[in-house]
2 protein chains.
Amino acid sequence: MSRGYNFSAGPAALPEAVLRRAQAELLEWDGVSASVMEVSHRGKDFMAMAQRAEADLRSLMTIPSNYHVLFLQGGATQHFAQIPMNIARRDERADYVVSGDWGEKAVREAGPMVKVHVAATSAANAHTAPPPRDTWDLDPHAAYVHYTPNETIRGVEFMDVPDVGDVPLVADFSSSILSHPVDVSKFGLIYAGAQKNIGAAGLVVVIVRDDLLARSPKDIPKIFSYAEHAANGSLLNTPNTFGWYLSGLVFEWIRDNGGVAEMARRNQAKADMLYGYIDGSGFYRNPVDPAARSRMNVPFTLPDAQLDAAFLRESHDAGLLALKGHKLVGGMRASIYNAMPIEGVRALVDFMRDFARRNG
Amino acid sequence: MSRGYNFSAGPAALPEAVLRRAQAELLEWDGVSASVMEVSHRGKDFMAMAQRAEADLRSLMTIPSNYHVLFLQGGATQHFAQIPMNIARRDERADYVVSGDWGEKAVREAGPMVKVHVAATSAANAHTAPPPRDTWDLDPHAAYVHYTPNETIRGVEFMDVPDVGDVPLVADFSSSILSHPVDVSKFGLIYAGAQKNIGAAGLVVVIVRDDLLARSPKDIPKIFSYAEHAANGSLLNTPNTFGWYLSGLVFEWIRDNGGVAEMARRNQAKADMLYGYIDGSGFYRNPVDPAARSRMNVPFTLPDAQLDAAFLRESHDAGLLALKGHKLVGGMRASIYNAMPIEGVRALVDFMRDFARRNG
């Protein structure tokens, strides 16, 4: 048995060097004679590690000093609800720009907590491109504007940060954080589940501007308050300590591999290789507007869905894992996050070419 | 370097056999050519593992079929708030029996969600014994009665399940779940953070009777609804997949070591050895009513707090880790959960005896 190239959309492949290090120190971590999972989150060893991880993330993303970084639980889905709970009143309007299924889910979960207004949606064209900026119905008095920079299921990405004026911009970066440089100062709040580009499932990173922290109401349980988490270094409860540690290892790995700019260069090369092959193949097809094709998630279909089962079986046998598309879309999906080396994409393209030749 | 005996109150020691197995398969799990952290939570491999873990827990605890078992995030602290959100209306009364600091925290977090009534508290006697049952001011129409069977900080434990009539009994079993047999049918809801007797931090197990599930309101975000989690196999969002896996390994370890009854036998022997030595030492002291002394957490003080630093330094050098008491109590605390072998307690007692001799 050996490790394959893992195209899972999330939980997703981790850098092998990170897993090897975690494996080596799983029983005895950093000179403490115990696993990192077995030590107090309030002890000096864990706290030092946690602060190092935050400092590394701040450095990688050039996070300004007027933002707090929180390491929380509940995944992006919980924060669909927790964000309005913290930065809006229930009777306030919040504008949602929907470019895919995760945006729709954000709308549903936020619904009980704020007056959700869908300012724009690309549902009518099956989310094959984000809604054009000039069609967005924004309220300059909205509590915030929410969007999803990269939609994992249909593989649609905003290539630029939209200008929404003075209203705080809130972005679910779960599937594209750390994949390319982002100007954090353009956002009020950035959040991301860890299980794609940061680490393992069960951790969510929230980067929040201090003026929004001040909006956290006093009459909610403390455990839901971003302001309380910020004031307590994300140690209001016992955090996902192993997840936090693992994210720190991933941040080090990104730094040692040239930082986010180098990740972006590699990701662009991988995406160009895969989309280039698909478009020229005359066999596979990606339906997304070329100007909005995700650099992280590449869905594609075969000319005949009858071939899907054979494609999945044979690709798996070739060590190319988890290529089955999301059930809402069908076909295939290759997720090519930071941890996917270009060799993996090359192996996929080689397989696809061979499969097309044999079945074309 | 080698592993020490780890007396941390939580995150706490894991069985070494569990860590070794997790280490061995960290890069290639169960024939899937990837880490368990890298596979979809909706894939057949993960789902099979998750269902096996639940089945093992059901078997270990003899959980009746009219209870759901949920594997969630947020720790016990989040569920301090989420429990009333699910099983009470805001204008209903819920009775809280407080026997320590975690019970007090449960009261605080529940406060915004339900009319909290402190039915009894042992605060006046510094929580050295639970409030006697005949002093509890219970309302037969309360939404539920909440208590903390084992208080981690001061080491106070209920030895029996209190009778509260027909009102659903809700218990925070974070620090004593699986440490001795419990009649689940006496409870409406049992919950426990994983980081003491189940596995690693970032996972919480909720065992809830189906009639209470039916109380989950429809107008809250789905992600907070126990009924929605139950209907979706705890996969409403991406769960803490590694934590779930690790808990499954711990359940197997308990089963292979004789089950919960055998854990109880070992835990009683460890507790008897440690309390027996403390009481006869004429040097160390535990202030808790002997009838309510925790079998999991053993706080003790030295005759002079000036000796604390030397005790901590020397015990650490002897491979006895994390004995520092909680800041609210001072002194020392030895947490002796399931994963602590009796050899560890014997080594601790030997060290304590030697230290007392040299400093008495």
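Cβ atoms here come from the backbone N, Cα and C positions, even for glycine.
Annotated features, as they stand in TrEMBL:
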BINDING   B:ARG42  L-glutamate binding site
BINDING   B:ALA76, B:THR77, B:TRP102, B:THR152, B:ASP172, B:GLN195, B:ASN237, B:THR238  pyridoxal 5'-phosphate binding site
DOMAIN    B:5-348  domain 'Aminotransferase class V'
MOD_RES   B:LYS196  N6-(pyridoxal phosphate)lysine
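On the structure: features taken from TrEMBL.
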{"residue": "B:ARG42", "record": "L-glutamate binding site", "CB count, 10 Å": "12"}
{"residue": "B:ALA76", "record": "pyridoxal 5'-phosphate binding site", "CB count, 10 Å": "27"}
{"residue": "B:THR77", "record": "pyridoxal 5'-phosphate binding site", "CB count, 10 Å": "24"}
{"residue": "B:TRP102", "record": "pyridoxal 5'-phosphate binding site", "CB count, 10 Å": "21"}
{"residue": "B:THR152", "record": "pyridoxal 5'-phosphate binding site", "CB count, 10 Å": "26"}
{"residue": "B:ASP172", "record": "pyridoxal 5'-phosphate binding site", "CB count, 10 Å": "28"}
{"residue": "B:GLN195", "record": "pyridoxal 5'-phosphate binding site", "CB count, 10 Å": "32"}
{"residue": "B:LYS196", "record": "N6-(pyridoxal phosphate)lysine", "CB count, 10 Å": "30"}
{"residue": "B:ASN237", "record": "pyridoxal 5'-phosphate binding site", "CB count, 10 Å": "25"}
{"residue": "B:THR238", "record": "pyridoxal 5'-phosphate binding site", "CB count, 10 Å": "24"}
Given the binding-site residues B:ARG42, B:TRP102, B:ASP172, B:GLN195, B:ASN237, B:THR238, which pass a C-beta cutoff of under 8 Å against chain A? Sequence order please. B:GLN195, B:ASN237, B:THR238
Reading the DSSP string in three states, the entry for B:THR77 (pyridoxal 5'-phosphate binding site) is helix
Quick one: Cα separation, the residue listed as 'N6-(pyridoxal phosphate)lysine' versus B:THR238 (pyridoxal 5'-phosphate binding site), in Å? 23
Helix, strand or coil by DSSP: which one applies to B:ASP172 (pyridoxal 5'-phosphate binding site)? strand
Segment confidence, the domain 'Aminotransferase class V' (B:5-348), expressed as mean pLDDT: 97
Check the DSSP secondary structure of B:ASN237 (pyridoxal 5'-phosphate binding site), expressed as helix, strand or coil. coil
Helix, strand or coil at B:LYS196 (N6-(pyridoxal phosphate)lysine) [DSSP, three-state]: coil
Which binding-site residues (B:ALA76, B:THR152, B:ASP172, B:GLN195, B:THR238) fall within 10 Å of the residue listed as 'L-glutamate binding site' by Cα distance? B:THR238
